[in-house]
Amino acid sequence: MSDPSEGKNILERVPIDPPFTLSDLKKAIPAHCFERSVIRSSYYVVHDLIVAYVFYFLANTYIPLLPTPWAYLAWPVYWFCQASILTGLWVIGHECGHHAYSDYQLIDDIVGFVLHSALYTPYFSWKYSHRNHHANTNSLDNDEVYIPKRKAKVAVYSKLLNNPPGRVFTLVFRLTLGFPLYLLTNISGKKYGRFANHFDPLSPIFTERERIQVVISDIGILAVLYATKLLVEAKGAAWVTCMYLIPVLGVHMFFVLITYLHHTHLSLPHYDSSEWNWIRGALSTIDRDFGFLNRVFHDVTHTHVLHHLISYIPHYHAKEARDAIKPVLGEFYKIDRTPIFKAMWREAKECIYIEPDEDSEHKGTYWYHKM
């Protein structure tokens, strides 16, 4: 089925008032797409773990045998391959947080907790803040992350970095440190009355009933840190860094890249409280094409519009469900097939701040602009 956006200017703004409801979209999706299978979901976990082990075995066994120049080339290949497959496991952990892994919440939380903790992500803490993001997507007042600034609030350093070298620095900083800083300091997140992060159980991000699970998330991260310490003592810091820590950093980089491109695009609006509603916000995302990595990432890259509308559909049904709602979505659906590096550079250059159109009656609808 062809995409509604094919042949059109991909940067053309999406409409803001859908003529359909969430119920209309659900009715268009085959009933089996809503079915979750613990056996099928577990197959993908086992598959990815086997592939990750094969990559580890090959790197650990053969790279040390290579002459020095070849080893320097082989390590980045391993890091890319291992980070890619581990990102697939991270995506499955993310599905657990949406109760899309199985029909049993306890199983979902156990699997998600183990997978995310191993990849230095506090499972329950991120699950709850991510839930808030889904509930308030593209709301300037209540969204949890990727909240752009208005022109008057653009920092001086952003203006100084508005040039090719500055954009390179900004992108490298965002990809490498963006996720850890978001977890630690809530950078680019919702502004609360006080300091907020994902490790403090008393953080304003969380409700009273969620605080004990934030502690459990912290225990999971501490356990992985301790296991990493034991590995360093047994194998050495260089070995642990090359075999494990750099691939995990790669997972975080892929996650930031994917979500940044899903939520940053000239065609997508943001809303203040005077105009935001849930369906408007959920439709203000865009699918991306990561080529062969779409499959490695369990299709999260090009089914994101569907995911924000119905987040509990498992990834192995997501493409079919996406294609089923395309005729209903019409021009409200967009996929940008621009090559990823080109798209990343374009968004960093063009999407600097947001402002409403001066001649528009929708004063609470904001669009991206460049400096």
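Using N, Cα and C of the backbone, Cβ positions are placed for all residues, glycine too.
TrEMBL has this to say about the protein:
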DOMAIN    18-53  domain 'Fatty acid desaturase N-terminal'
TRANSMEM  44-63  transmembrane segment
TRANSMEM  69-92  transmembrane segment
DOMAIN    74-333  domain 'Fatty acid desaturase'
TRANSMEM  238-261  transmembrane segment
Task: Secondary structure content of the domain 'Fatty acid desaturase N-terminal' (18-53), with strand meaning DSSP E or B - done: 27 helix, 0 strand, 9 coil
Task: Distal contacts, the transmembrane segment (69-92) - CB-CB under 8 A, six or more residues away - done: 41, 44-45, 48-49, 51-52, 55-56, 58-59, 62-63, 101, 111-112, 115-116, 119, 121, 242, 246-251, 253-255, 293, 296-298, 300, 315
